[in-house]
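Feature list (source: Swiss-Prot):
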ACT_SITE  174  active site
ACT_SITE  248  active site
ACT_SITE  365  active site, nucleophile
BINDING   19-28, 110, 137-138, 212, 250, 359  substrate binding site
């Protein structure tokens with residue numbers, strides 16, 4: 001059956017700032033306390049979406065979350081009106097304010113893990129929301145992510161959205177950033193590669209930085225998503241690269257159809273894994289980047305593998321990269337050799353995503369891949385699909401509501417909270433989502 005990969009990109013939120021909240025993510029730590037530009041961040045993301053849509057790649061948008069997220073501050077013991085809660089937390093414990101104001105939901109590669117209908121036992125598209133419990137600021141995302149996915153994929157005959165796994169370390173799940181799908185045409189059954197960093201009883205794990213994904217979580221997600229057990233492989237990420245800042249697998253590998261583009265040191269027991277994939281995926285091609293050409297350190301600083309590998313109708317592929325790759329002589333030299341070599345990659349497309357990159361999120365972090373048949377595509381909420389009208393409307397919306405300068409101190413401004421709620425109210429109407437945000441269901445509560 002014919003099917004297409006649709007990229008659903010996260011729209012950067014109004015409170016995008018640099019707080020260094022993500023231990024193990026070296027870009028996040030390095031840019032801590034710098035001044036951010038939320039308006040520019042949102043526009044950089046929108047331009048990527050529109051450019052790819054114009055090039056013929058189906059593209060949609062997932063809206064930001066409500067931030068600062070006052071309900072969690074109340075759970076932490078801060079009371080009074082919303083303004084009083086903000087004032088108290090800013091004075092008594094500003095680190096909590098930064099956490100509940102994070103714009104991290106923009107990285108929708110961590111929103112959920114997807115199983116296309118060609119891979120599932122019941123023939124539906126399945127989504128399991130990620131619990132993201134390794135980081136407090138990200139663990140706050142699951143409930144609203146679930147509401148948003150249900151508003152976008154609202155046909156229960158075709159889509160099944162599962163709640164996140166229990167919030168315990170044993171079941172740490174980071175979503176599609178640790179998941180690849182390999183195979184022929186998108187509509188054919190594919191091989192799902194779940195990548196984990198640790199498992200109970202296995203001493204092979206990183207020592208410097210946390211392994212956020214567990215094998216136990218990956219196995220549970222595969223069950224929830226009703227993936228045919230014959231179409232699943234579980235593989236461990238190389239713990240040494242996690243300790244070098246590769247906090248998700250999408251920082252060291254990216255797949256599309258029959259191609260796996262990865263670093264030579266991406267996986268534990270890599271040669272064994274690649275042999276398994278060759279045996280089980282028709283026409284499988286591994287493009288392994290040797291450490292002698294691109295080091296793991298250069299991989300992390302340029303986000304070479306946090307790229308998008310997109311298929312054209314003729315079978316050739318475009319590699320979507322952050323600007324940092326072009327600015328690194330060694331990486332850019334390798335990429336031009338790759339273009340000249342015998343493989344499906346025929347074009348490099350570079351985007352300026354500096355605002356997101358400075359927090360450790362490249363092109364792949366910003367998108368959630370969903371393979372859909374024509375019938376399933378028609379069942380998606382049409383208001384989220386990128387086109388000229390939506391692009392212009394979202395740019396106008398960003399111009400109206402987003403600040404061009406934000407520091408950690410600005411997060412205590414009650415006006416920022418009001419601006420954010422008004423903006424999301426307008427956006428949820430624009431995207432025909434209904435009341436997906438807690439403040440909408442509670443009737444506002446600004447006072």
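Cβ coordinates are placed from backbone N, Cα and C, and glycine is handled just like the others.
A helical conformation is recorded for residue 250 (substrate binding site) in the three-state DSSP classification. Counting only the Cα atoms, the space from residue 110 (substrate binding site) to the residue listed as 'active site, nucleophile' is about 7 angstrom. Over all protein chains present, the Cβ of residue 174 (active site) has 31 other Cβ atoms lying within 10 Å. Just so you know, the Cβ of the residue listed as 'active site, nucleophile' picks up 27 other Cβ atoms within 10 Å once every protein chain is counted. Residue 21 (substrate binding site) carries neither a helix nor a strand DSSP state and counts as coil. Straight-line distance linking the Cα atoms of residue 250 (substrate binding site) and residue 365 (active site, nucleophile), rounded to a whole number, equals 8 Å.
In this structure the alpha carbons, written CA, of residue 174 (active site) and the residue listed as 'active site, nucleophile' are 11 Å apart.
Other Cβ atoms within 10 Å of the Cβ of residue 138 (substrate binding site), summed over all protein chains shown, number 23.
Cβ contacts within 10 Å of residue 250 (substrate binding site), excluding its own Cβ and spanning all protein chains shown: 31.
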